[in-house]
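Enquirer: Taken from TrEMBL, the feature domain 'Phosphatidylglycerol lysyltransferase C-terminal' applies to 247-442. The feature transmembrane segment is assigned by TrEMBL to 12-32, 44-68, 75-96, 116-136, 143-165, 185-209.
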Amino acid sequence: MRARQARISGFAAIAIAQTVGFGILTGAAVRWRMLPQLGLSTALHLSTFVSITFMLALAFLTALACLVLPAPAWLTLPAIGVALLIPAAILTISFAPLGAPLRHRLRLPSLRASGAILGWAALDITAAAAALYLLIPATDLSFTFFLPAFLLALGAAMLSGAPGGVGPFELMLFSLLPTVPTPDLIAGIVGFRALYYAVPALIGVAMVFSPSKSNLTSAVQTRSAPIPASKAEIGVLAQNGERLLHHDQGTCALWKTTQTATMLFDPLAGSAAPALDRLKTVARTSNLVPCIYKCSEKTALTTRKLGWRVVRVADDFHLDLDTYDPDTPARRGLRRKLRKAERAGVRIQRATTLPLDAMAEVDANWQSAHGRARGGSMGRFCPAYLIRQEVFLAYLGGDLVAFASFHTSGNGLCLDLMRHLEDLPDGTMHLLLHHAMARRLRGYQPRRRTQPARLDAPDRSFAAAIGQTRLTSV
């Protein structure tokens, strides 16, 4: 969606909804009319999000105003509670383990977006309060005393859902501003409604019925065909919600998290500088922080020259299969590990059909011991994801005790999932990796694995999703 059209539809929806009343439903109808590509459900979700975030911002700002500016004494304790509770709840949901279930169900606004919402809400309601204050005939009432009363009245009006907030707004102002003559206050409110409600609503109606152009943009899109890539690791894009970000001079992998717009790896096509410019634009329009993860030294030097901050957090391990030889003196420790696993009876085989139930049990055991898999630059257990990889299985007797999966590209391998039981024989994982590399040394080329006959409903849905991007067919 084009940013300009999003702003226009947002203005029209808010202007009409606050005047007509029933803000969520009215706003959704306006957005659906102006952006039919969204669909009614998305328009309703968007209007709900706008209403909730504005009400939270209004509640927080009202609490601060009641604490800092003159306000009735009985509001002090509720204001303290609201001022502490809202930031604590946002931080808990955004970062604490307790909020993880909600984070995985909803895409919450980033801290940058939350700050922008709070800032624009403060500007909006302060300007509205100033407009009403100036429209009230000459009075000794100070603006610092008037502002908390106005914010409380505005909150009551919005919660009521009444057209223009008529009724609750006036009652709150009459009760909180008893020193202002009623005729003067009514005169100011009438002028305020014309200025703050009627004029924007008329402009919004004109926008709704004005001719519209195409509202969609192709700035960020996914390819429908396989993409050649020198890095087998690019296959992780299929699982973690990443997209391919296209610009005039190339393509890069984009991964949006709650707080960041992250470019994974070096650009897939083109140079780093234009990719970084496009990344910054996407991050700015999405209220996210631009980041790069797992890039080469060359890209890191380019980013530093462009003023980015470069932080070394880890090293990638690359092994040249052409020079891999476990029989060298330097790898005597590896040979001991391999012999231990073989003497214990560990048997390694390449999976032609995935034993999904047994693999799921091993994965559950691993997560109970090590915690939930985070995903990101590595995958998580999902049958529809694993059938697109090379998988090697470790058996002890007839029981699966470990497995490892690999992204493939040409004759290269990239290790992805490593899962094992806690009581497996020493050297099992070394033997798994050794067998995977040995097959490549023998010139083995991977064949596409047939999909298992049955997948659970969530996995079928996920398989359809990654089938559309086909990003793992590298």
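Our numbering is plain: 1 for the first residue shown, then up by one each step along the chain.
Cβ atoms are placed via backbone N, Cα and C, with glycine included.
Heads up, TrEMBL stuff is auto-annotated, nobody curated it.
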Enquirer: How about long-range neighbours of the transmembrane segment (75-96): same chain, 6 or more residues beyond its ends, C-beta under 8 Å?
Expert: 56, 59-60, 62-64, 66-67, 102-103, 108, 111, 114, 148, 258-259
Enquirer: How about long-range neighbours of the transmembrane segment (44-68): same chain, 6 or more residues beyond its ends, C-beta under 8 Å?
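Expert: The answer is 10, 13-14, 17, 23-25, 27-28, 31, 38, 75-76, 78-83, 86-87, 109, 117-118, 121-122, 125, 147-148, 151-152, 154-155, 158-159.
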Enquirer: Express the predicted model's confidence over the domain 'Phosphatidylglycerol lysyltransferase C-terminal' (247-442) as a mean pLDDT, rounded to an integer.
Expert: 87
Enquirer: Please indicate, using numbers and ranges, the residues of the same chain that are 6 or more beyond the transmembrane segment (12-32) and have a C-beta under 8 Å from a C-beta there.
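Expert: Residues packing against the transmembrane segment (12-32) from afar: 38-40, 43-44, 46-48, 50-51, 158, 161-165, 197-198, 200-201, 203-205, 207-208.
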